[in-house]
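Colleague: Below, the features straight out of TrEMBL:
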{"type": "BINDING", "residues": "A:S477, A:S647", "note": "Mg(2+) binding site"}
{"type": "BINDING", "residues": "A:N753, A:K754, A:F755, A:D756", "note": "GTP binding site"}
Amino acid sequence: MSPAAHDAAQYSFAVEYDGPPLSFDLPRAVPISVDNIPVAAVVSQVPLSDALALPVVQPLLPPQLHHPLRTLGSEPRVSKLASETTVSPTSVIAFDHRASQSNVGELSGELSSSGAVLDDGKESVDFNELNQQDCASTESVLSLEYPSTRVSSLKAEDIDAKRPPVVTFDVDSDDDALNEEFDVEDTASRPVIKRAPLTKGKKGSCYRCFKGNRFTEKEVCLVCDAKYCGNCVLRAMGSMPEGRKCVTCIGFPIDECKRGSLGKCSRMLKRLLNELEVGQIMKAERFCDANQLPPECVCVNGQLLSYEELVTLQNCANPPKKLKPGNYWYDRASGLWGKEGQKPSKIISPHLNVGGPIQPDASNGNTQVFINGREITKVELRMLQLAGVPCAGNPHFWVNEDGSYREEGQRNTRGYIWGKAGTKLVCAFLSLPVPSKSSNSLGEQPSSLASRTIPDYLEHGIVQKLLLVGCSGSGTSTIFKQAKILYKSVPFSEDEHENIKLTIQSNVYAYLGILLEGRERYEDEILGNLRKRQSSVLDTAGTSSKLDDKTVYSIGPRLKAFSDWLLKTMVSGKLDAIFPAATREYAPLIEELWNDAAIKATYERRSELEMLPSVASYFLERAVKILRTDYEPSDLDILYAEGVTSSNGVACVEFSFPQSASEETIDTTDRHDLVRYQLIRVHARGLGENCKWLEMFEDVEMVIFCVSLSDYDQFSVDGNGCLTNKMILSRKFFETIVTHPTFEQMDFLLILNKFDLFEEKIEQVPLTKCEWFSDFQPIISRNRPNSNSNSINNNPSLGQLASHYIAVKFKRLYSSLTGRKLFVSPVKGLEPGSVDAALKYAKEILKWNEERPNFSLSEYSMYSTEASSFSH
Amino acid sequence: MSVTELKERHLAATETVNNLRERLKQRRRSLLDTDIAGYAASQGRTPVTFGPTDLVCCRTLQGHTGKVYSLDWTSEKNRIVSASQDGRLIVWNALTSQKTHAIKLPCAWVMTCAFSPTGQSVACGGLDSVCSIFNLNSPTDRDGNLAVSRMLSGHKGYVSSCQYVPDEDTHLITGSGDQTCVLWDITTGLRTSVFGGEFQSGHTADVLSISINGSNSRMFVSGSCDATARLWDTRVASRAVRTFHGHEGDVNSVKFFPDGNRFGTGSDDGTCRLFDIRTGHQLQVYHQQHGDNEAAHVTSIAFSISGRLLIAGYTNGACYVWDTLLAKVVLDLGSLQNTHEGRISCLGLSADGSALCTGSWDTNLKIWAFGGYRRVM
């Protein structure tokens, strides 16, 4: 068709044929005659029975485009029908679409990659290899699952145009090869692949359960951008060994645009996990290898960084903040730092050996003024002018890190850029960097000092653990109970109180049993003597007189029956099972028993009953009160009670020291009062001799070792069946613990317990009874006029002298074993003030240890005297 | 009889016992003409070799905030229970590395934990001298804590080790610092039998580890601070079936060989040993010579499902894979990529033997398995 004809025919409907005559017939449309069209005839009325039901087509449900899967799954009644009979055009398209997606597997991979290539054309040519990466990512995802149509969004500012291609992606490679890449976490040569999530539901929903919308709170995977709702995040991300990443993404480098959120915990995570766990995950997220900035992404002065250079850059005193992949320039002499082609953004630490030499056109300036060989930008020039730097004649400046400048080739400094007060203001106005404060003069020192002064416990949730150990009978349980009573508002819970009550009551029954046993023995002794005398009388006189069984120790038949029964239960070992429960029944009897003269007489001779512990007299004197059903144990009762805490091997109490008004002002402002302490009491007997458990207490801050002073004349059977002095046993245990490798650098506080008992005892039994103390020769005791008189000012009592002597013995032993100083404190376990002082002393030691490193430069020097004044 | 006379008799008896023991030792030595390694070498066997991907760390289970002390696998599924000094038991799904349960313990000083054969409950024990049972199916309370379903109390020392009797959810054996092992009936919470103790011929120091024979669950073996391992029959509590001497330090870990006729031990003397329960002989010593300083202690051991490999964790952070036949170290997990940063304190092999789990003082658990490329045919 000629163009002219075309033009003419522009508006015509059809053109008349004017070509050569045709040799054949043209088919022509025949007009329709309406009558000839066949029409269905009207059906004549057929008689139908009512029973016969015609098949009725169910009404079609409106096609649910958004949830085709759910429709199929959740409504099975309709589903069969719908899938067979629905011919709604929209649903056909939807199904087809899905089918093509799931069927075409490999094929659609090529499609989508070609699509990406097409996209390329629209964008600038610089993005070549990133799009290539993108192809890689979609392709790799395809090989795993069905394809996602999603193309990961790219942020232009993160893209580095000059970066050489890191990933070489072979489009023809088969699926196997790709699968391999996912199986192996090769961190050494980490491929920089931008991963896309494996599955994706409708927009805004959770990637795992496909529920929720864009407003539900979600956690995002740092690698593949998948979002999970609160119910799914822990399942999808597992234990998060590298922070918030899908399990399948572990080991892969993070999406660089999410670097800013590293270590920043979301509310959701805080809700789902406890604080320590969140801390741990955030720490892992920030510091694990896979999440570090890959060094090959950062280019300084046109040179890609090596790993070492990156570490230098990030660990310097004043590092560039929020380092992102990209091209930077760095002026070594002045520390100026900026993006390539842009003005400086920050002043970092100078003289770092990072990247190549700076290029003159690094910041793309056109002012012909040079600083350290870099042509500066207009903004900088303006700043220099405002700072009073003469910039006429296109000078070349040499600027040092302190801001001093001179012209190139000259020796004397012309001035300081930062010298004028207004300069920094100008810089802020022009959004130019100013040197940070910490980078001046001292260099790296302040930062390292700051990191050192942060105490360990801040990371451990501010609980300092004190381990309380000692041989059995050294009073560790008393000190433990005392600490509970001192520092807890509710020392013992209801249950504990009830248990303690029962324990005390059954203890008292046991004491009574011992007493009754003693009574029987005494009675027998006297009766025996009587009989002997009587028989001798009988022999001489030959007359039989009625045997008088009545002695001081005799009791009435009712009490006798009770006594027999009690002793029988004790022998059978069922005392614990019967007694506290039977208290109601026997309480009146006890009163009668206690008031009986025979028992009173036996009680007088209690020192002869070696089974009776020393605390028994305390309880027996209160027996009537204690064995009432409405008895409530007092704090003192609890302190005296045996067996209240020793039921299992270990017990602990957490407390903080209450602030008292008398404390110094320094103390009240001190963070130490916020610190919580955990006193852990270990029952040495139940824990074996080999101390295998000691390494579990590696994290304690201090060991408080308890020794009973009054043990020096006591004997006990040791592991080999030999009778050994208890003080020597304590010393052996002390040596074991002190020399244990776990406690190599541990502080020890020795508590010399039962000082009150000791003071009494030392007057009667010489300290030299224990072979370890054989060289104890107190000088002053001879000069004292009366051995019973207590200390006059400069005349300490024998007890004090002896306890000092024992303390020195232990200190010498300790320093010979470890070469360090032992802290010692004498304590009366039953006096609250004494225990309080000892535990506060422990606190002071801990505080002193913490402050010792920076002791010289702080005003806390007074602690040195304070701490030592406590030690004896 | 006076005390001095008794003492003399006791001394004499001790002397006799020691003499007999020495004679027994010499007799054993004379009978034992070779060890496994010598024989295997003479037969021309070569050690197992490991490719770079044959055992790699493929999962890190992170979630504990304290040192991990113990772990155990379920017998049927891929679940792990671990106990840590943060006072928690965590039940993990090893495949997905998810936590299914986190149980806060009443006593933080836990030393051991075990999964029941059906996987319905877990047991743990520690310095509180109690073995606590938790039913994983029971509902949690307001704070999300699982209540203790049964307390097995009766030990007078710490519970160092516990293991369920195979195929029985109702029986459990514990080893304790009070020098005894106890067989418990969990339904009643009472002791069925006590092995060792004051008047019986049992261990003379803390029991640190026990292992039940997989093929004959009546037999179990215990390792102790008295440097011996003892074999027990649960029907005869009064005395040990056999006592195995040889170690020169505390026996920290015992584990039955998969065939049930041998067992391995790991000790503070830095060696692992293999003993035969039928002859009582020591079959092999696994000892790596270190130059100058004293040997690192063995903390935990495990056998591969075939028994060819013995995996042992050491206090210096090493974790050797021994070839049991040739007594050669074929791999050190501690030197691999992605390994633990702290001492490996516990080890366990999954029931099918496909994966190894290690727990460490660096608060993490790691799953090790074959990491190569599986070609699907």
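Here the Cβ of each residue, glycine as well, is placed from N, Cα and C on the backbone.
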Colleague: Including all protein chains displayed, how many Cβ atoms other than that of A:D756 (GTP binding site) lie within 10 Å of its Cβ?
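Modeller: Within a 10 Å radius of the Cβ of A:D756 (GTP binding site) lie 18 other Cβ atoms.
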Colleague: Cβ atoms within 10 Å, counted per site: which of A:S477, A:N753, A:F755 has the most, among these binding-site residues?
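Modeller: By the 10 Å Cβ neighbour count, A:N753 comes out on top.
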Colleague: Please report the Cα separation of A:N753 (GTP binding site) and A:S477 (Mg(2+) binding site) in Å, rounded to an integer.
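Modeller: Pair distance, Cα basis, whole Å: 11 Å.
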Colleague: State the Cα to Cα distance, in Å, between A:S477 (Mg(2+) binding site) and A:D756 (GTP binding site), rounded to an integer.
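Modeller: It is 17 Å, counting Cα to Cα.
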Colleague: Would you list the other residues of this chain near GTP - those whose C-beta lies within 8 angstroms of the C-beta centroid of A:N753, A:K754, A:F755, A:D756 - in sequence order?
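Modeller: Near the GTP site, the remaining chain residues are A:G475, A:S708, A:L709, A:S710, A:L752, A:L757, A:F758, A:E759, A:P826, A:V827, A:K828, A:G829, A:L830.
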Colleague: Taking the Cβ of A:K754 (GTP binding site) as the centre, how many other Cβ atoms fall within a 10 Å radius?
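Modeller: So the Cβ neighbour count for A:K754 (GTP binding site) comes to 25.
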